[in-house]
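In what follows, a structure is listed as structure tokens, so that the remarks can point back to it.
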Amino acid sequence: MNIVILAAGTGKRMRSALPKVLHPLAGRPLLSHVIDTARTLQPSRLVVVVGHGAEQVKAAVAAPDVQFAVQAEQLGTGHAVRQALPLLDPAQPTLVLYGDVPLTRASTLQRLVDAARDGRYGILTVTLDDPTGYGRIVRDASGFVTRIVEQKDASPEELKIAEINTGIIVTPTAQLSMWLGALKNENAQGEYYLTDVVELAIEAGFEVVTSQPDDEWETLGVNSKAQLAELERIHQRNVADALLVDGVTLADPARVDVRGTLRCGRDVSIDVNCVFEGNVTIADNVTIGANCVIRNASVGAGTRIDAFTHIDGAELGANTVIGPYARLRPGAQLADEAHVGNFVEVKNAVIGHGSKANHLTYIGDADIGARVNIGAGTITCNYDGANKFRTVIEDDVFVGSDTQLVAPVRVGRGVTIAAGTTIWKDVAEGVLALNEKTQTAKSGYVRPVKKKS
């Protein structure tokens, strides 16, 4: 089977410099969703017709299995499909999809393909309570499809028809070239409509069949930011429903967003306003507090992530405790039972088994062993303005509050670092490290008093 995806439109109503098919739905371009669905049908040829912003669209979705045809002028859907003909296998049927219709299920498309076997012409239709704006399916007294009429060209009687054309079709490819060549642009838009091919197929004696999706929203397209927002919410609700079916507890299914792939184990609980981006894996018995953002991360079993935590590109072991208000940046690796508390940032660092950094700390480019305590206000000074350096803290080290570790530096096993110490040299195992200071008390000191006006 050939699949052609039309993605050449300008999208004027989006009021954006970004090509319409590249606007994100759940964090990925609309067109990417359509291509992914198309791939599940295992086409022999997959062709995307580009036009407006062609190079930008190509760059966004380029892949070995995707070919591109260019529609230099936007002269209608029939003209767009014509540009793809040289890339198609004429011996295989062609399924036509749209780059701005991202939610159609693969099963819906497969039913249409099955209905159109043996050289039939298939149309995906929907019956709507309000069909305003859509092309109508015109049938004869026996119920056979005779033509499709666009809203702007429909008569008053035809406007009463509730069954509409979604634009998604399956057609014999060998005849499609001839039919497209016979199209005329004698309509209100002055365009070559793909919908007019159905009349030519009927005239040629081809049987026209129809199929409908399980849900109306499967064929909704995007022509404005309002419609994009509507589809986003539909998609997110579908994702939430799937999570609930899998046993995930969602405090409010309407207030969780998944912008990528989220895989959850058993007994996972997610509070409100959480966002998951990229590829996220969550093991069993994980609790996630409100307003967390988790991106491209893996979370070990039994972990608790408290509210307002941001995790990006991190790996969390089992039974870790994170947050609230913690930030784990790319390269953060936490071993089992590690704790990272409020206003702690970890970047490109390993924190060992049972180690804790509970308050107001920056750990960057560091290797921290097991059972290490990092006091509040500790900073690994990893950057000299040009280069990054690593800090190594071995097992069982106690780091007092307000400590600065100036990398590159190594702190040996079992060291105790006194509060307020700056470490700029390696520290041997088992010692107390401190910067000796003198505390002075001056008698007779008078605190300044603010003058009253």
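Glycine is no exception: its Cβ is also placed from the backbone N, Cα and C atoms.
Of the residues proposed, Ser355, Ser401, the one Swiss-Prot records at the same acetyl-CoA site as Ala376, Asn382, Tyr383, Ala419 is Ser401. Among the binding-site residues Asp100, Asn223, Ala376, the ones whose Cα sits within 10 Å of the Cα of His359 (active site, proton acceptor) are Ala376. Residues near Gly9 (UDP-N-acetyl-alpha-D-glucosamine binding site) in space but far in sequence (CB under 8 A, at least 6 apart, same chain), listed by position: Lys20, Val21, Gly51, His52, Gln74, Gly99, Asp100.
In this structure, Ala419 is the one among the binding-site residues Leu6, Ala376, Ala419 with the smallest number of other Cβ atoms inside 10 Å of its Cβ. For the binding-site residues Asp100, Glu150, the largest tally of other C-beta atoms within 10 A is found at Asp100. Taking the C-alpha positions, the distance from Ala376 (acetyl-CoA binding site) to Leu6 (UDP-N-acetyl-alpha-D-glucosamine binding site) comes to 57 Å. With helix defined as DSSP H, G or I and strand as E or B, the region 'Linker' (226-246) counts 20 helix, 0 strand, 1 coil. On the backbone, the CA of Asn382 (acetyl-CoA binding site) and the CA of Glu150 (UDP-N-acetyl-alpha-D-glucosamine binding site) stand 65 Å apart. Listed binding-site residues: Asn223, Asn373; maximum Cβ neighbour count within 10 Å falls on Asn373.
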